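Asker: Pulled the feature table from TrEMBL, pasting it below:
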- 1-15: signal peptide (SIGNAL)
- 73-386: domain 'Peptidase A1' (DOMAIN)
- Asp91: active site (ACT_SITE)
- Cys104-Cys109: disulfide bond (DISULFID)
- Cys268-Cys272: disulfide bond (DISULFID)
- Asp277: active site (ACT_SITE)
- Cys311-Cys345: disulfide bond (DISULFID)
Amino acid sequence: MKWLVVLGLVALSECLVRVPLMKVKSMRENLQENGMLKEYLEKYPNSPVKFLSNDQNKKVTYESLSNYLDMVYVGLITIGTPPQTFKVVFDTGSADLWVPSVFCKTPSCDTHQRFNPWRSSTFKLPPGPVRPLKLRYGSGDILGVVAQDTLKIGNLEDVDQTFVLSTWEDQAFGAFAPFDGILGLGYPDAVQAGGTPVFDNIWKKGLITANLFAFYFTSERKTGSMLMLGGVNDSYYSGELRWVPVTKQRYWQVALDSITVNGIVIACHDGCQAILDTGSSVVNGPYEDVLNIQNIIHAQHTFTDMYIIDCTNTTHLPDVVFVIGGINYPVPARSYIRKDAFDTCLSTFRSFPDNTFNSKTWILGDVFLRVYFSVYDRANNRVGLAPAI
């Protein structure tokens with residue numbers, strides 16, 4: 001049986017489509033370096049908490065989990081004929097594809113590549129009246145219209161892919177955002193714009209040979225990060241993939257047994273939920289639990305709502321261990337501590353802004369996913385994890 005699994009992974013590695021990803025400074029880092037982070041947070045308080053609440057506004061059918069402030073890995077796609085190139089985040093915390101359009105005149109669009117439908121011979125609008133809509137994210141809203149055109153990712157060509165052309169973007173998505181748009185890889189239930197999500201389309205059209213994708217994020221090097229579509233390359237991880245079932249088919253959500261430090265449970269005492277979110281570079285959790293972690297690692301709160309740590313002590317800090325499916329997944333201090341442009345060491349654990357919200361859900365961003373190679377298996381509704389190389 002083990003040889004069958006190995007042979008299966010070899011076959012998948014021969015058929016996969018590789019999409020290189022680039023590590024860039026996050027919007028939070030750019031704002032901080034320009035002395036604008038405090039003002040931004042006061043004006044645009046981003047909050048994924050509202051997307052996880054059981055008391056959501058019933059008038060809002062779908063909302064994206066991700067916020068833009070902490071996205072750090074981007075890749076290139078093209079839309080249209082001839083192709084127009086965009087820098088996008090491949091985001092497991094949402095399911096829509098959107099890019100700015102030439103119709104968008106807000107300052108947030110001015111500094112980014114904008115799609116021009118008049119320059120594409122394959123552009124079309126869906127049948128019926130033009131469909132304006134609002135996409136809601138943790139960092140603000142986007143207004144746009146639904147359209148269709150040819151999408152290229154790597155060597156894949158997806159004809160008549162539904163996407164959103166933004167016509168207005170909240171000022172929260174300004175010049176400091178290191179990307180043009182978002183390509184969501186969440187489940188169809190997370191779609192806000194209607195139509196078939198990109199990954200579902202390329203699978204249904206037979207453009208990939210396996211109904212899964214995988215991410216590898218580099219830790220320190222600027223190059224080498226990769227999105228794999230339709231297969232798995234075992235050269236990116238060590239040991240074997242450990243599989244856990246998806247508990248809610250909207251985001252890539254799994255059961256989290258507990259969180260421990262030095263063998264002692266410090267959070268998620270009775271079990272909780274975790275969402276693997278490639279659209280975030282931090283770990284979000286319940287206020288009291290995250291505050292407990294900050295105290296354990298001796299992080300001090302600042303006026304910009306960040307937690308700083310004495311850089312001379314980081315080598316002595318303990319691993320924070322996430323227990324998933326009975327397996328320990330330690331995240332060492334070198335992964336959860338980030339040094340900024342001013343040589344300040346920062347904790348990448350963040351609590352939900354609304355500390356009164358009683359959520360047991362954690363969001364595991366790139367802090368976790370740089371340590372562990374991750375596979376997202378839609379065919380079997382499961383996630384695979386293994387130590388990244």
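Cβ from N, Cα, C; glycine included.
The model shown is predicted, which means the values in this text are computed figures rather than measured ones.
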Asker: To the nearest whole angstrom, state the Cα distance for the pair Cys272 (disulfide bond) and Cys109 (disulfide bond).
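Answerer: A Cα-Cα distance of 39 Å.
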Asker: Can you grab the distance from Cys104 (disulfide bond) over to Asp91 (active site)? Cα atoms, rounded to a whole Å.
Answerer: 23
Asker: Measure from the Cα of Asp91 (active site) to the Cα of every one of the recorded positions Cys268, Asp277, Cys311, Cys345, then give the nearest.
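Answerer: Closest by Cα distance to Asp91 (active site) among the recorded positions Cys268, Asp277, Cys311, Cys345: Asp277.
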Asker: By CA-CA distance, flag whichever of Cys109, Cys268, Asp277 among the recorded positions is nearest to Cys345 (disulfide bond).
Answerer: Asp277
Asker: Please tell me which one of the recorded positions listed here (Cys109, Asp277, Cys311) sits closest to Cys268 (disulfide bond), measuring Cα to Cα?
Answerer: Asp277
Asker: How many Å separate the Cα atoms of Asp277 (active site) and Cys109 (disulfide bond)?
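Answerer: Computed Cα spacing between Asp277 (active site) and Cys109 (disulfide bond) is 25 Å.
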Asker: Show which residues of the chain containing Cys311 (disulfide bond), separated from it by at least 6 in sequence, have their CB under 8 Å from its CB.
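Answerer: Cys311 (disulfide bond) has long-range Cβ partners Lys339, Asp343, Thr344, Cys345.
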Asker: Please work out which residue of Cys268, Cys272, Cys345 has the most C-beta neighbours within 10 angstroms of its C-beta, and give that one of the disulfide-bonded residues.
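Answerer: Counting every other Cβ within 10 Å of each candidate, the maximum falls on Cys268.
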Asker: Pick out which of the active-site residues Asp91, Asp277 has the most other Cβ atoms within 10 Å of its own Cβ.
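Answerer: By the 10 Å Cβ neighbour count, Asp277 comes out on top.
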Asker: Relative to the Cβ position of Cys104 (disulfide bond), how many further Cβ atoms are located within 10 Å?
Answerer: 22
